[in-house]
Every structure is written in C-alpha cells, then in structure tokens.
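Student: Feature list, courtesy of TrEMBL:
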- ASP19, TRP20, GLU22, ASN24, GLU33: Ca(2+) binding site (BINDING)
- 64-86: transmembrane segment (TRANSMEM)
- HIS81, HIS212, HIS216: Zn(2+) binding site (BINDING)
- 142-162: transmembrane segment (TRANSMEM)
- 169-186: transmembrane segment (TRANSMEM)
- 213-233: transmembrane segment (TRANSMEM)
Amino acid sequence: MAPSIDRQGYWGRPTSTLDWCEENYVVSSYIAEFWNTVSNLIMILPPIYGAVQTFRDGLEFRYICSFLGLSAVGVGSWCFHMTLLYEMQLLDELPMIYSTCVFVYCLRFSLQQNSSWPNSLNCSKHLLVDCFRSKCGSSFQVMYGALVACLVMRSVFIVTWVYPWLRGLCYTSLGIFMLGFLLWNIDNIFCDSLRTSRQVLPPGVGVVTQFHAWWHIFTGLGSYLHILLSLQIRSTYLKYRPKVKFLCGVWPTLHIEPQKTS
C-alpha cells in the first residue's frame, strides 16, 4: 500500500485502513485520489441503464438488484477514494459483499422455476457481522474472494454442461476481471516504483500507471458482463429470446424478447 506522506486536502488526514498508490490531492484539493475516484463511473452509469432496461423487459427483480448493486459498489468506491475516510471505506466494501451475494443467488437459482429470494440472502448477514468485527480488513478480502470463487465455479459449470454457447461471454467476463485483479496486485506490490516513475513521466503518460483505477475499469466491466451472462442464462431457461445489442455501437446491453408462440 502507499505510504501516508501525501499532501493534505479538503477531507483532512485519511482515517481509512487502506491508502492506495495514487498520490493524494494531486489533481484536486477536493478529491484525495482523483483517478481512483473518476474511474468508478464505469460501475455507476452503465449498470443504471442495465437496471432500467431489465425493468422494461419485465425480468425478475433480483436482476434489477444486481445492476443497482454494482452501481452501489461504484458509488461507495467513489466516496472512499474521494475522501479516504473509514466510514466511506465501509461504504465501499460492504456493498461489494452484498452485491456479490446477489450475484451468487441469481446464478445459483438461474435454472430453477421458483426460488425464495429473501431467505437465500441470509448468508450476507453473517458475512457483514464478521466484516464489522474485523474492521473489514483481511477478513473482507477472504470473504469477497470466496464469493467470487463461487461465481466462477458455478459459471464454468453452466457454460460447460448446460449452455456451452455462452462460453465466450463467460470467459470474456472472467478474463477481464482477472486482468483487473492482476493490475491491482501490480499496483500494490510495485507502488514505490510506480510513484517514482510518475515523477519523471509526462502527466498524460503517468496517468496510465494508475493501475488501481484500471482495476476499477476492468472489474467493473467484468462484473457487468457477468450480470449479462446471468441474465442470458435465466432468460434462456425461461424460454425467452435474449439478444445482445450494443449501445452507441460500443457498450453491450441485453434485450429480452418473449418466446414466439405457434
């Protein structure tokens, strides 16, 4: 992690248990980690559109919660990196646990006709209690990693044995997420070297070395694609006709059409 030797700004001295590699209050005195903050837009705006589209298509409420959960993660991460306050750190980490529980639920019951939505989320209560007790340190990372592992195993099972034509979307989502995880580790391990390089590189080039911001971008995109995968699995099981379309020719969205009747 980054040393706490950065300049002071509007939000005062950081109180969070983590301070990332981006230098604090360099771009703006109102935003502690500028690039780590604005990179969260990819987790805020596209999922809101996805939630609206899912509502219009009349799909189950849990998929709207999936999109809104990802947006909540983006908002929490925005507040955390903007302030580096412990309260905002909780606002970042707790939605990650909650939203991933929703992802696990959606995928776990995607191939069943009916399921109990509230009762299947009881696991999140115990996860959050443990998280508060540990001040969301390493315990949070272990819990989040375990939930992601559940998603990966379930996704691979479905695209291997049930809907093999969805392998492309599944492995694309997983690959993008893992690329973000790799950059997250590089940012942590080589922080001192990255900070030194930014002092000699032109500002426009130095921005590219903000690997924690890239972690937000790639994991945000990977998580969004996972929701699309989960939606495709569910809508295919319910005999709808899911169709991937690209907003402005760039951003993937999923539109659900009713099954044709003879």
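Placement of Cβ uses the backbone N, Cα and C atoms for every residue, glycine included.
TrEMBL annotations: computationally assigned, not manually curated.
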Student: Determine the Cβ neighbour count for GLU22 (Ca(2+) binding site): the number of other Cβ atoms within 10 Å of its Cβ.
Tutor: 27
Student: Report, as numbers and ranges, which residues of the same chain sit near the transmembrane segment (213-233): CB under 8 Å and 6 or more residues beyond its ends.
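Tutor: Residues 22, 35-36, 38-40, 42-43, 46-47, 50, 54, 59, 63, 66-67, 70, 73-74, 77, 103, 106-107, 110-111, 151, 155, 158, 162-163, 166, 169-170, 172-181, 183-184, 187, 242, 244, 252-254, 256 contact the transmembrane segment (213-233) from elsewhere in the chain.
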Student: Which has the fewest other Cβ atoms within 10 Å: HIS81, HIS212, HIS216, the binding-site residues listed?
Tutor: HIS212
Student: Around GLU33 (Ca(2+) binding site), which residues of its chain at least 6 apart sit with Cβ under 8 Å of its Cβ?
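Tutor: Non-local contacts for GLU33 (Ca(2+) binding site): TRP20, GLU22, ASN24, HIS81, MET82, LEU84, HIS212.
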Student: Roughly how many Å separate the Cα of HIS216 (Zn(2+) binding site) from that of ASP19 (Ca(2+) binding site), to the nearest whole number?
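Tutor: Checking the Cα atoms of HIS216 (Zn(2+) binding site) and ASP19 (Ca(2+) binding site) gives a distance of 15 Å.
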Student: Count the Cβ atoms, other than its own, that fall within 10 Å of the Cβ of TRP20 (Ca(2+) binding site), considering every protein chain shown.
Tutor: 24
Student: So if I draw a 10 Å sphere around the Cβ of ASP19 (Ca(2+) binding site), how many other Cβ atoms end up inside it?
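Tutor: Taking every protein chain into account, the count is 18.
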